[in-house]
Amino acid sequence: MRWCHHCHRSHGTRRGPDTATVNTGSPWGGLSVSSLSSLAFPAIRRVRSYPGCTVGGRTPAPAWSGTQAACEYGMVHVVSEAGGPRGRDYCILYNPQWAHLPHDLSKASLLQLRDWTASVLCSPADLPAKGFSNQIPLVARGNCTFYEKVRLAQGSGARGLLVVSKEALVPPGGNKTQYDEIGIPVALLSYKDMLDIFKTFGRAVRAALYAPKEPMLDYNMVIIFIMAVGTVALGGYWAGSRDVKRRYMKHKRDDGLEKQEDEAVDVTPVMICVFVVMCCSMLVLLYYFYDKLVYVIIGIFCLASSTGLYSCLAPLVQRLPFCQCRVPDNSLPYLHKRPQVRLLLLALLCLAASVVWGVFRNEDQWAWILQDALGIAFCLYTLKTIRLPTFKACTLLLLVLFVYDVFFVFITPFLTKSGNSIMVEVATGPSDSATHEKLPMVLKVPRLNASPLALCDRPFSLLGFGDILVPGLLVAYCHRFDIQVQSSRVYFVACTIAYGVGLLVTFMALALMQRGQPALLYLVPCTLVTSGALALWRRELGMFWTGSGFAKDLPQPPWAPAPVASPQPPKASAALSQPPPGEDAPECPVPAEQPPELSTPEEMQPGASEPTA
């Protein structure tokens with residue numbers, strides 16, 4: 001999973017004549033997260049994604065990747081020469097390899113913005129008689145490359161160039177020789193924004209080009225932190241408590257309700273190896289076949305998240321003292337056991353929630369809230385269901401995914417033609433995707449800090465499920481071990497705090513390095529070292545490593561001595577020796593509401609189970 005700062009849904013692109021030197025997307029496609037391997041994509045990335053360009057403009061494409069362009073969002077600040085309304089910012093997409101823009105508006109030159117959109121500026125004949133001296137011309141997109149346009153503009157004295165596009169914005173690309181020749185900025189402005197400029201300010205306007213910096217940290221990190229740590233803590237606590245209840249209820253005779261619950265799945269070393277192989281395979285498949293698999297993953301997420309939401313809400317609904325009626329007798333599948341009507345309604349409500357998200361998943365204003373709720377429910381359900389039986393298994397799983405994560409973040413850039421890591425493609429999605437979909441296995445929160453660049457897109461901070469589930473399985477194991485050795489939950493609390501510290505370290509690394517960070521690089525050492533050191537300090541490392549502190553079974557209830565044989569009453573008929581219809585013969589006289597281990601031999605009544613004539 002990834003922490004992806006400033007991610008947003010990329011827009012579609014169409015190639016025009018002026019993009020002849022631009023590779024608008026890597027032929028290798030992109031990849032993202034599969035719910036089949038949702039534990040296995042842990043990484044952190046702070047990035048904006050743009051169509052057909054190197055992300056953020058900070059990493060130029062390597063020599064073998066063709067002419068893929070770098071690009072960043074910037075602003076054009078427009079004011080009227082005649083006074084009038086205050087200035088306004090408009091979004092532009094520019095390539096810093098042509099020329100860099102100042103980060104501060106006060107340091108940007110305010111120049112005359114000249115409307116020359118009647119021309120595409122592809123030949124010297126398109127130039128005005130007096131040129132563009134100390135001006136920023138607006139020209140139409142098309143018919144030639146960006147280099148030809150900006151070369152003519154620079155030769156005529158222009159201080160910048162804005163190319164107006166009626167289509168989706170693409171980065172103004174070129175090659176190294178062209179970049180070295182040009183010294184003025186070139187950017188794309190949408191046709192809609194150009195019309196608004198002239199409508200608001202008139203034709204006599206001045207403009208300044210700048211690229212404001214965004215703060216390294218955002219308040220939405222606090223929300224992400226609370227959701228992540230809260231999910232790990234709640235999921236670990238629930239998993240431990242449920243495991244104890246399961247062990248106790250295993251010895252109760254009347255366990256019909258417990259049988260309806262999902263059984264926990266113990267993870268073995270073989271399962272861990274198979275799981276990692278599946279993760280790698282799914283990662284590669286998504287890398288090459290993103291557009292074909294993305295909808296499959298979205299569908300699986302809808303089903304899995306609705307199941308998780310039902311699993312979280314059903315215990316709460318069952319505690320309500322009303323609406324306990326059941327479905328009438330029937331022979332229908334799934335209904336012949338006569339479930340409660342309120343649980344059926346809850347199941348339909350949970351399914352409807354996932355369907356609503358699936359339909360409106362790209363509504364940036366509110367769909368992220370529903371996605372987070374479904375994602376948290378899915379994580380809680382997974383932590384409750386998957387059980388690591390020993391600290392040895394926890395260590396194996398976390399270390400294998402640690403190596404996996406580091407490899408796909410730091411090593412794969414040397415193996416791909418684009419020079420980008422596969423894990424980066426997972427978080428951002430391919431820029432040349434025909435579907436422009438994002439895989440949903442993340443918690444996402446929009447940026448809360450005010451920024452002029454909010455005009456360009458709505459960036460989100462993303463935290464992948466793997467950064468929650470992988471350490472969360474260790475937290476759940478610590479809670480189960482706490483209960484078994486009666487340690488006042490010291491392991492559970494310590495591991496949860498270590499997870500929070502590791503997440504904070506990850507956030508700091510993201511802010512300082514400004515590049516992709518594998519989250520498990522920090523989370524795994526924090527949680528494993530803390531848990532192991534605590535067990536060593538308490539002199540319980542042996543039990544903690546092998547799980548030998550767990551009671552395999554609760555003590556068997558004491559049985560009363562066999563009653564003294566007494567004369568049998570005369571048998572009037574075979575039917576008289578059987579219990580009444582619909583009742584089972586009691587096997588022991590322990591009341592149903594009393595735990596078996598609390599019964600004593602003195603409480604046993606000899607002959608109580610024998611029928612009377």
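Each residue's number is its place along the chain shown, starting with 1.
Any Cβ shown, glycine's included, is placed from N, Cα and C.
Among the features that TrEMBL reports, compositional bias 'Pro residues' is placed at 556-570 (among others).
Positions annotated as compositional bias 'Pro residues' by TrEMBL: 578-594 (among others).
The annotation domain 'PA' is assigned in TrEMBL to 122-196.
If you look up TrEMBL, you'll see 556-613 marked as region 'Disordered'.
The annotation transmembrane segment is assigned in TrEMBL to 219-240 (among others).
Under the heading transmembrane segment, TrEMBL lists 267-289 (among others).
The transmembrane segment annotation in TrEMBL covers 295-317 (among others).
What TrEMBL lists as transmembrane segment is 341-360 (among others).
Summarising the annotation, TrEMBL assigns transmembrane segment to 366-383 (among others).
Residues or ranges marked as transmembrane segment in TrEMBL: 395-415 (among others). Remote same-chain residues near the transmembrane segment (395-415) are listed as 39-43, 267, 269, 272-273, 276, 279-280, 283, 388, 421-424, 426, 466, 470-471, 473-474, 516-521, 524, 527-528 (criterion: CB distance under 8 Å, separation of at least six residues from the stretch ends).
Residues or ranges marked as transmembrane segment in TrEMBL: 460-478 (among others).
If you look up TrEMBL, you'll see 490-513 (among others) marked as transmembrane segment. Tertiary proximity for the transmembrane segment (490-513) is limited to same-chain residues at least six positions away from its ends with a CB under 8 Å from its CB atoms, namely 3, 5, 44-46, 216-217, 221, 225, 228-229, 232-233, 236-237, 240, 467, 471-472, 474-475, 478-479, 481-482, 519, 521-527, 529-531, 534-535, 538, 544.
Positions annotated as transmembrane segment by TrEMBL: 519-537 (among others).
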Among the ranges 219-240, 295-317, 366-383, 519-537, the one whose Cβ pairs under 8 Å to the transmembrane segment (341-360) are most numerous: 295-317
Interface-richest range of 267-289, 295-317, 366-383, 519-537 toward the transmembrane segment (219-240), CB pairs under 8 Å: 366-383
Tally of DSSP helical, extended and coil residues in the domain 'PA' (122-196): 25 helix, 16 strand, 34 coil
Integer average pLDDT (0 to 100) for the domain 'PA' (122-196): 89
